[in-house]
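Straight from TrEMBL, here's the annotation block:
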DOMAIN    15-341  domain 'RNA 3'-terminal phosphate cyclase'
BINDING   Q106, F297, L298, Q299, D300, Q301  ATP binding site
DOMAIN    188-288  domain 'RNA 3'-terminal phosphate cyclase insert'
ACT_SITE  H323  active site, tele-AMP-histidine intermediate
Amino acid sequence: MKMDSEAVEIDGSVMEGGGQILRVSAALSCIIGSSIKITKIRAGRSTPGLRPQHLTGLQLVSDLCSGSLQGASIGSTDISLTPGKTRAGNYTADTQTAGSVCLLLQVALPCALYADAASQLCLKGGTNAEMAPQIDYTIKVFKPIVEKFGVHFDCDIRMRSVGFYPKGGGEVMVTVNPVKELTPVTMTERGNITKIYGRAYVAGVLPFKLAKDMSAAAVRTIRKEIKELYINIQPQQEKEKACGNGNGILIIAESSTGCIFAGSALGKKGVYADKVGIEAAEMLLKNIRHNGCVDEFLQDQLIIFMALAKGTSRIRTGAVTLHTQTAIHIAEQLTQAKFTITKCEDELSRNITYIIECQGSGAVNPNL
């Protein structure tokens with residue numbers, strides 16, 4: 001274990017300035033075994049410092065790598081993490097709020113890959129929360145794409161918690177298999193969109209009609225732009241495995257080269273179901289118009305895997321988001337990975353795309 005004098009200092013207020021800095025730096029600290037000190041955490045936010053879900057994520061990583069975590073409490077703006085050996089095991093993390101289980105998975109998954117055996121993560125909180133990927137997105141979009149890097153995990157939704165309730169109550173069980181090292185990925189050709197499908201769901205006491213309205217409105221919106229494909233958005237009533245009353249929709253598009261895109265939305269009080277369906281449809285269309293290979297939400301989530309892989313990854317995207325730029329900044333600060341972003345002028349489409357290229361650091365799992 002390294003002494004604290006060697007801790008890498010990370011400014012938690014730079015660029016996107018949010019929880020993502022914590023997630024990327026804590027995961028990388030655990031994997032490369034170097035101590036970090038993060039200051040000015042979420043300094044620009046309306047409630048600065050650690051929120052329950054950030055704290056839970058940091059504690060989970062610290063547990064995974066037998067680390068020592070200092071300064072970690074709600075509202076804290078400075079923490080340090082000194083990692084030890086990453087060990088497989090059964091870990092439980094509970095935000096005790098509607099804090100997103102997907103964000104807990106984002107910080108824990110990379111660490112668990114570098115353990116000595118498979119790990120079980122029981123993650124509790126919101127499965128379908130505002131301002132975070134929905135669990136369905138994680139399973140349907142994120143999972144098949146990270147599998148290209150050699151990442152293998154299973155995710156079982158035990159209880160869905162829909163909407164933003166302070167209680168949370170959702171639960172997913174994730175099994176992560178370790179890797180010796182990650183392989184680089186090239187995704188530069190989008191191909192044609194071949195399939196569009198999804199689910200519109202209601203949970204709790206909400207009427208099934210809302211699911212049908214969301215689905216119909218989404219199909220109508222996509223139809224205006226994409227006429228030749230059959231669009232299958234199933235309306236569903238979530239009965240047994242859901243807590244809270246809520247509604248939401250996730251629509252997925254797949255391309256001929258294996259790219260996957262999504263648009264999603266959650267219902268809110270006083271918002272018509274049609275509007276929720278249209279919002280998700282427009283988000284999907286926006287993400288397939290640019291002719292890149294990943295949508296704006298997957299873009300930043302792949303950076304850590306590109307940085308760890310052995311070799312050069314190349315991924316074509318639409319506009320590079322601030323989240324992505326932030327993840328790159330932290331990855332370059334903590335690893336030997338080198339990123340370059342090149343603008344592509346494409347005769348075929350008016351839209352500008354970018355290639356994010358990364359010479360990965362080739363992190364090897366010392367525990368396997």
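Glycine is treated like the rest: Cβ placed from N, Cα and C.
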Under a criterion of Cβ-Cβ distance under 8 Å and sequence separation of at least 6, what residues of the same chain contact Q301 (ATP binding site)?
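Result: Q106, P133, F142, V146.
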Taking just the CA atoms, what is the gap between Q299 (ATP binding site) and H323 (active site, tele-AMP-histidine intermediate) in Å?
9
Neighbours of the ATP site Q106, F297, L298, Q299, D300, Q301: Cβ within 8 Å of the Cβ centroid, same chain, sequence order.
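Checked against the 8 Å cutoff, the neighbours are P133, F142, V294, E296, L302, I303, H323, T324.
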Ten-angstrom check, please: count other Cβ atoms within 10 Å of the Cβ of Q299 (ATP binding site), all chains counted.
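Excluding its own Cβ, the number within 10 Å is 23.
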Measuring Cα to Cα, how many Å separate H323 (active site, tele-AMP-histidine intermediate) from F297 (ATP binding site)?
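Cα to Cα, H323 (active site, tele-AMP-histidine intermediate) and F297 (ATP binding site) are separated by 9 Å.
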For a three-state summary based on DSSP, what are the helix, strand and coil counts in the domain 'RNA 3'-terminal phosphate cyclase insert' (188-288)?
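In the domain 'RNA 3'-terminal phosphate cyclase insert' (188-288), the DSSP-based counts are 33 helix, 38 strand, 30 coil.
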Could you work out which of the binding-site residues (F297, L298) has its C-beta surrounded by the smallest number of other C-beta atoms within 10 A?
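Least crowded of the binding-site residues F297, L298, by Cβ count within 10 Å, is F297.
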For the ATP binding residues given in the record (Q106, F297, L298, Q299, D300, Q301), what is the largest pairwise C-alpha separation in angstrom?
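With Q106, F297, L298, Q299, D300, Q301 as the binding residues for ATP, the largest Cα distance is 13 Å.
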For D300 (ATP binding site), what residues in its own chain, 6 or more apart in sequence, show a Cβ-Cβ distance under 8 Å?
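When sequence neighbours closer than 6 are ignored, D300 (ATP binding site) has Q20, T321, H323, T324, T326, A327 within Cβ distance under 8 Å.
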